[in-house]
Structures are given as C-alpha cells and as structure tokens.
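What Swiss-Prot records for ASP14 is active site, proton acceptor. Under the heading active site, proton donor, Swiss-Prot lists HIS42. Under the heading GTP binding site, Swiss-Prot lists 13-19, 41-43, ARG306, 332-334, 415-417. Taken from Swiss-Prot, the feature Mg(2+) binding site covers ASP14, GLY41, and the record attributes it to sequence analysis. Residues or ranges marked as IMP binding site in Swiss-Prot (evidence: sequence analysis): ASP14, GLU15, GLY16, LYS17, ASN39, ALA40, GLY41, HIS42, THR130, ARG144, GLN225, THR240, ARG304. Look at Swiss-Prot and you will find ALA300, VAL301, THR302, GLY303, ARG304, PRO305, ARG306 tagged as substrate binding site, backed by sequence analysis.
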Amino acid sequence: MGKSVVVLGAQWGDEGKGKIVDLLTDRVKYVVRYQGGHNAGHTLIINGEKTVLRLIPSGILRENVTCLIGNGVVLSPTALMQEMGELESRGINVRERLLISEACPLILPYHVAMDKARESALGNKAIGTTGRGIGPAYEDKVARRGLRVGDLFDKELFAEKLKNILDYYNFQLVHYYKAEAVDYQKTLDEVFAVADIITAMVADVSTILDIARKKGDNILFEGAQGTMLDIDQGTYPYVTSSNTTAGGVSTGAGFGPRHIDYVLGIIKAYCTRVGGGPFTTELFDDVGAEIARKGNEFGAVTGRPRRCGWFDAVAIKRAIQTNSISGFCMTKLDVLDGFHEIKICVGYKMPNGEIAEYAPLAAKDWEGVEPIYETLPGWQENTFGITDVNQLPENTRNYIKRIEEVTGVPIAILSTGPDRVETMILNDPFAV
C-alpha cells in the first residue's frame, strides 16, 4: 500500500526542506507543490553540484518522478520559464515530467509592481516580502478577479480580462503609490509568448493524485516557507500569503485530509527568521553571529541575512498542534559544533508574569515576551557528514533526546551536511 507524506517547515522557513524532499523522492512516484510561489528557494546539493529550485518541485532531479504544481500555488510564467531553462540546459527533461493545475493563479508584472510599491510605502514598517508579487496574486484569487493558468486557453478572453484588471492596478500604482504604470501590450506579449508551453503541461492534479493513491503509489507533498509564516496560524501580519501548514495540502492540491499518512516537520537544530516579525530566542551577540556564519544563513532567493537564535520548543509546539506532526527531521546539526553551551527555549515569560508553554498567535501578543531557557552542555567534536547516529558525540545525542522529550515528537531524520548523503534516516516516513 502506498504512503502519502507531507514534508513541511516547522519553523519560519529555510529549514532545509529541499534536501530532504530530494532525499525521499527515490521512494515516490509523485512530488507535489501545494502552496506558495517562487518566493522560497529550495537548495539541493547532489555530488557537490548546487541547484536552487523556487517553483518546480524538488523531485524534478529524479528521473522516475512526476512533479505536480497544485492549484494552491501562484505561478509566475516568467519564473517558470527561467527555471525550466536552467534545468533543461543541464539535460533534465522538465516538460514531460511537470504537470500544472489549470486553477493556479498567475503572477503577472502588475503584481510585482504593486508588491514593491507597497513595501516601499511602508518604509521601516515593511513586512519584508520578497517583492515577487505573491501577496497581490493571492489577493486577486480571493477577490475572484485574478487570471489563472486555465485562462490561457482562450487568448481573446484573456486579453480582455487583462485589460480590465490592469486598469484597476495602474490606477492605484500611479495615483496612490506614485509609481510607474505597467504596460498592457508588453505584459500581454510576454504571457502569450509562453502560453502554449504552459498549457501543454496542464492537468487535473487532484484526479491524478486520487488515482495514484488508489493504485498504491507513494506521494510526497512539498511545503514551502514554514508553519510560523502561515497566513492564518503564523505571526500575523508578519506572514506569507498562503497556508503553509498541512491543511494546505487539501485546499492547494485537492487531496483529502484523511489520506495523509505522515507529516514530517523539518526543523533546524537552532532557529532562523528572515524579515520582520517576532523572534523570541533571537541572539544579538557573538553567538548569534557565529551561528549565522557557520550556517551560511543567507536567503536562497533574496540573499538577505537571516536572524539567528536558539531552538524554540514553545513555537514548535504550535507547529505540532496545527500540523499533526508525526516526526521531525533535524537539519544543520553540525552548525552547533564547538559551542560550550547550547540552549533550548522551554517556556515564555509573558509581560504579566505568567508562564506560557505555547506561542501566541498574533504578532502583537509576542511583545515583551522573554524566553525561559534550559542550558545543555555543548560538544567540541566535529559532527559534519556523520551518517551513523552511534558515532555522534554523547552531548549531541543528549541534545537530540532532550528536544524529543520537550516536544513529544520523535526525530526521524538527522542531517549533518548539505549533500543528500550526509543524512541519517532513523525512521523512514514511507515505511511507517
């Protein structure tokens, strides 16, 4: 009987999902993206060769895998063509192995222009978006005015819809944000130049998945960003514009929730965050700088430096409850090599003096929150590239065990380096 496994970020994104998805895809027939857009980069290193995927599922590097982009993904034709070109130049057959839902909202130049105009207007109160038009595209979807992949089949109607929506956007860009208008003909020409390529890959993703499940095929759902950036369950308003939690699989790919067998939450051995928003365990000292240096903590898409801090078990508990996480994969364990002490946040001291074991929902409720730490001895040995858990230093194993105890979730996979071989699978999600 086949298994359906969700791989998602349990923190604020950048946990190393791409490597783990790639690692597990030798077991699956389908890899599915179900939310987000090209705003999150999934970095894979295979035999020393680096690949950054932003939109196409990470399974594309496995020849036997079919990749699906579900309706919950906002799709930029420009980004898709660029990524396809990069992969095809390396001999990877994308067009015959990538299928796209006709219900995917399109990201077009006016979305990008609006995204950048808004962030500029907010100044130092900016949310910290990637400026790739993700939020405005989701707005159009909810407002039921957006153009979708399926609209590309009728070019005359597409052109008419585009004119109406561009009038709406340009009025705001010019008169409210004092920005340049987006050119209608240029936008239309750019989309039509690639429309036939995209429509040739259109398929009924939900039905494909249902048939695959009934046949007993293994399916992997690849999440983007992280749980604490979920539009509903994250630190609002410092969140992304999609549902990054496991529930997004049902709404973003048309896959029934009862058919999900395992949810693998990806966690770093510490915490990072890009952009604004609450971060209780953030470090502003030399320790934080050293974690950032050793972990090479810069965004795969934006290049922005990531904020770094100790592991936050309180925030993780919210991820566990909202995702029904079955097991964790801990990445970047080797980054903590050499520290004399390592801390785990096990509680929050609220401004009123109360102790909280679960993270607040809204960003405003995090103000004045202080972390309550448990300190563990570190280790001086090198763990980089270790693939046998018994070869890990005793203090490393104690740290892992303590995180399991505090969170109540077992660690199924350990990653000690960026390459797919630098991994320990303690409990295979597809074998459970």
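Note that Cβ sites are derived from N, Cα and C of the backbone, with glycine treated the same way.
If you check the binding-site residues ASN39, THR130, GLN225, GLY303, PRO305 against GLY13 (GTP binding site), the ones with a Cα inside 10 Å of its Cα are GLN225. It is ARG304, among the binding-site residues LYS19, ARG304, whose Cβ has the fewest other Cβ atoms within 10 Å in the structure shown. Mapped onto three states, the DSSP output places GLY16 (GTP binding site) in coil. For the pair formed by ASN39 (IMP binding site) and PRO305 (substrate binding site), distance between Cα atoms is given as 15 Å, rounded to the nearest Å.
Cα separation, GLY41 (Mg(2+) binding site) to THR130 (IMP binding site), rounded: 11 Å. Cβ packing within 10 Å was compared across the binding-site residues GLY13, GLY16, GLY41, GLY303, PRO305, and the lowest neighbour count falls to GLY303.
Comparing CA positions across the recorded positions ASP14, THR130, GLN225, the one lying closest to ARG306 (substrate binding site) turns out to be ASP14.
Using a 10 Å Cα-Cα cut-off around ASP14 (active site, proton acceptor), the binding-site residues THR130, GLN225, ARG304, PRO305, LEU333, THR416 reduce to GLN225. Reported as a whole number, the C-alpha separation between THR130 (IMP binding site) and PRO305 (substrate binding site) equals 13 Å.
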